[in-house]
Structure formats: structure tokens, C-alpha cells
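Per TrEMBL, the features are:
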type: DOMAIN; residues: B:24-255; note: domain 'ABC transmembrane type-2'
type: TRANSMEM; residues: B:30-53; note: transmembrane segment
type: TRANSMEM; residues: B:65-88; note: transmembrane segment
type: TRANSMEM; residues: B:109-134; note: transmembrane segment
type: TRANSMEM; residues: B:140-164; note: transmembrane segment
type: TRANSMEM; residues: B:176-196; note: transmembrane segment
type: TRANSMEM; residues: B:233-252; note: transmembrane segment
Amino acid sequence: MTGLEVSHVSYRYGARKALDDVSFSVEAGRFCALFGPNGAGKSTLFALLTRLIVTGEGRIRIGGFDIARTPRAALARIGVVFQQQTLDLDMTVRRNLTYFAGLHGLSGRSAAEAIDAALAQLGMAERADEQVRALNGGHRRRMEIARALVHRPEILLLDEPTVGLDAASRQAITDHVHLLAERGLAVLWATHLVDEIQAADQVVVLHRGKVLSNGTAGDLAGGQGDVRGLAKAFLSMTAEGREVPA
Amino acid sequence: MKAWLTAFVVIVTRENLRFVRQRGRFLSALVRPLVWLVVFAAGFRAALGVSIIPPYQTYITYDVYILPGLCGMIQLFNGMQSSLSLVYDQEMGSMRLLLTSPLPRWWLLFSKLASGVIVSILQVAAFLAIAALAGTTTPLVGYIAVVPALVLSGLMLGAFGLVISSTVRQLENFAGVMNFVIFPMFFLSSALYPLWKMAESSPLLRDICALNPFTHAVELIRFALYGKLDLTALLWVSACFVLFMLAALWGYEPARAMLRAKA
């Protein structure tokens, strides 16, 4: 399959197990919310998906490429937005994106075209020559998403991308990324905020390093299909000392 | 291969733009050795006599003697400054972005290192030009022959900086590096006094200086400034570069950093 496939992945920090037999997949054109409270293992999973760390337990395939066996091919197919902003504030938007494009081997005209297309996709074209320092939080995040799209990835990973943003910016960014999924990207969106999830989205619930549930948001909400229903379902699953089978 | 070169170019461009923006860094990089050259060397010129030792073929004044050491000093401080920016990158998360590139990690780190070396060579060139205007010169051939020596010594000192920065968790801890690493490394070398002079006061001190990789970087530069090659220094500096680079690659394993953060 194309998209993302995580099979029986485990990871330990010393004696502590951060991920325990995690399996799920995200197909092209799907928006998948990786839902979990703080400490659930989301950031560890993202570090594994971006090969910042490696594990000998389980398998990760990205765009059909095994990240352990063909890391370069797999990484070339991923766009990442980290939780922590990773921008050079004293450079322009375009220069930041040019740097990133270069890290993926794009230069000259092909890089310029890819940057223009990515910025246009996020409605940031007119801000290309502004210094990042002059942008507000929402625009900086949009710029990071545009940057993650420059090398035309098949999978977009976003680790709690709306942290610290106001409600309007959060909504705009969530809508934008849903649109990207509709256009064919496989999106994995880590969050602990239920209002960022739509009824048709795939939701993987991660708690204490284990997948508790994997299905659509509508199914998870038990037919209620709204934010309150989802919140209730998540709370019951992730309540202290209780585990609900997937 | 084109992708490798492209990544190299953007990393070097970014570091150089950063350097150009930080005018204070450029000025302090120049002022520090110039103060040593103009004030320190002038004071010691009368007190210290330097006999004829290779690569010199005649008696030299003290300012001429310390010129290569001050070039090394620029590179030593720049190596640390570059690695300081890596600690900053680690704290700000930019390092993660760099390491998610589909290119080999060693190449990305090497590109970072090379960008620092280019900056240091520009600093040394500016310093040598000002020193020449102030009357401290070296044979013309030396100005060209010193470039490859500066590349190698810059790589070695930059890799050393990488090793140090991979062990420093926070920017705040970096002040300690200045006191416990840079200053001893500079003073326990042949940058300010020839080793035979050092041996007169303490043979042990001389031996310590002879084992200091910075001593060999200075000697490599010193001989190159006279169009000559110090083979021993070349071997020392090359071996230390390989050793430090391997240690830096080990130190920059993100899994280790995450383990430390979770500990």
C-alpha cells in the first residue's frame, strides 16, 4: 500500500517502554488523527517515523519503503511539522524554504517553483519575502506546513501543530490540512484536542504507548458524531487505570 | 551527488548569512587576536627573544612568532562559536529539521563543519590583512600555502567543537567550556611560546603542550605561512580530525539526546 504503515512497533527508553506493539496504517487521501494525552508516546512515534531514532522491534513503511532498509527513500517521502517551531526568524520566508528545499536536494528553478507552489497552497504567497520574525504565530505555522510540502511528499506528519495558536488560526490550519488530505496526501496529525477532528477522520487513540482504538471519529463517538461525543469516548478510554480494548 | 552538493551549498550559505548578520561576532573575532598582536606582543617583544627555530631562518620578533598562534586562536574560538550555534539549533529544534533530510547524517554534519571552516578562514584572512598593515608580515607564498593548512586545522578544531557541543545540553553550560577547554587549550600550546622555551621552566608542561592537538594545528599553520610543510603536525591534525569527527557522529545520535532528555 502507499501511505504509512506501522506494524508491531515497540520502543524503550532504558527500562521504560514508551511504545508497545503499535500498529496502524494511514492510506493516501486520509486524515488520521493520532490522539493521545501527554506522555502517550506520540512524540516518540514521530521520532521513529522521521528516523531521529530507530527501533529493532516492528516495521515502518513510508510510501511503500521500509524506513530501516531504505531510509533515504522513505525520508524523501515525508513532510514533517514538529511541535516545536524550527524556523530561522531572521531570514525571509523564501530563504527558510530554500534552505529546506536544498536539504532535500532541490535547487534553482525547480526549488523556486516548488516553493511558490507550496506557499500558494497555504495562502502565503504574498508573504514570501517577509522576515519570519514579522509573522504572527498562525502564519509561522502555515509557513512550516508549506515548507513540509516543498519536496512534494506523500505523507505529511504534524506533531501538535496548533499548540499556542488562537482559535481562528487553529481552525484555519486544521481546515487547510484536511483539504491537503482530500487532495491525496496521507496525513498523520498528533493532537490531544478533539475539536480538531472531523467525523470522517480516521482516529488512532494512543495511551501509555499502546493503541487503544483505531477507527473513524464518527464510530468512536458512538453515533453522537460531535465533539462532545468524541471527548466522552476519549475520556472513558484514557481514564486512569482503565484500558478499553481496540 | 547533485543533491549532496545542493545540501552542502544551502548549509554553507545559511551559516555564512548568519555570520554576516552577527557583526559583533566578526568584530570580536578580529579584535581578540589584534589585541594580542598589538598590545601583548609589543610588551613581550623586549622581554622575549626567540631563537632561530624552523621554519624561521633568522631571528624574528615576538609578533611574528605569535602570528600563527593567533590564526589558530581565531579558528579555535570560531570552532567553539559554530558548535555553540549547534547547541542553539538543538534547543530550537532546527537540528531535528536538518537530521530529517534524506541525506546521510555524516554528510550533513560535515557540511555544518565545513561552513564553520569557511567562516574561520574569512576571519583569518581579515586578521592577516590587518596584521600586514600593522607591519607583521609573512612571505607572499605563505598567504596562499596557509589556506589548505587552515582548512585542515579548521576542520579539526571544528570537529572538536562538535564533540564538545554534543556533550553540552544547554546554552548556559557553554560558559564553562570557555574556562575549562578553550583557555587551557590555547595557553598549553606553542601559540605563545616555543616548546623548547616551555621546557626550560617545566619539562612536564612541555610534554603536555606537545600532546595538545592545538599545538600541532598552530605548527601546521606556522610552517605553511612560510611555504613549508610540517609532516608531523599534518599527521597529528589529520588523525585528530578523524578521531573527533567519529566522536561527533557518535555524539550527535539523536536517540542518545532523546534518552538524555527523558532521563
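Each position is counted from 1, following the chain as shown.
In case you wondered, yes, glycine gets a Cβ from its N, Cα and C as well.
The transmembrane segment (B:233-252) shares more Cβ pairs under 8 Å with B:140-164 than with any other stretch in the list B:65-88, B:109-134, B:140-164, B:176-196. For the transmembrane segment (B:140-164), same-chain residues at least 6 beyond its ends with a Cβ under 8 Å from one of its own Cβ atoms are 71-72, 75-76, 78-83, 86, 109, 112-114, 116-117, 120-121, 124, 128, 177, 181, 213-214, 217-218, 220-221, 223-228, 234, 237-238, 240-241, 244-245, 247-248, 251-252.
Within its own chain, the transmembrane segment (B:65-88) is flanked in space by residues 15, 18, 25, 29, 32-33, 36-37, 40-41, 50, 95, 112-113, 115-117, 119-120, 123-124, 127-128, 131, 136, 138, 146, 150, 153-154, 157-158, 160-162, 164-165, 168, 170-171, 174, 177-178, 181-182, 185-186, 189-192, 194, 214, 217-219, 221-222, 225, which lie at least six positions past its ends and keep a Cβ under 8 Å from the stretch. Tertiary neighbourhood of the transmembrane segment (B:176-196): same-chain residues 48, 50, 53, 65-66, 68-70, 72-73, 76-77, 80, 164, 168, 205-206, 208-210, 212, 214-215, 218-219, selected by CB-CB distance under 8 Å and a gap of 6+ residues from either end. For the transmembrane segment (B:109-134), the residues of the chain that approach it from at least six positions outside its boundaries are 7-8, 11-12, 14-16, 19, 26, 29-30, 33-34, 37-38, 67, 70-71, 74-75, 78-79, 81-83, 86, 98, 143, 146-147, 150-151, 154-155, 157-159, 161-162, 245, 248-249, 252, judged by C-beta separation under 8 angstroms.
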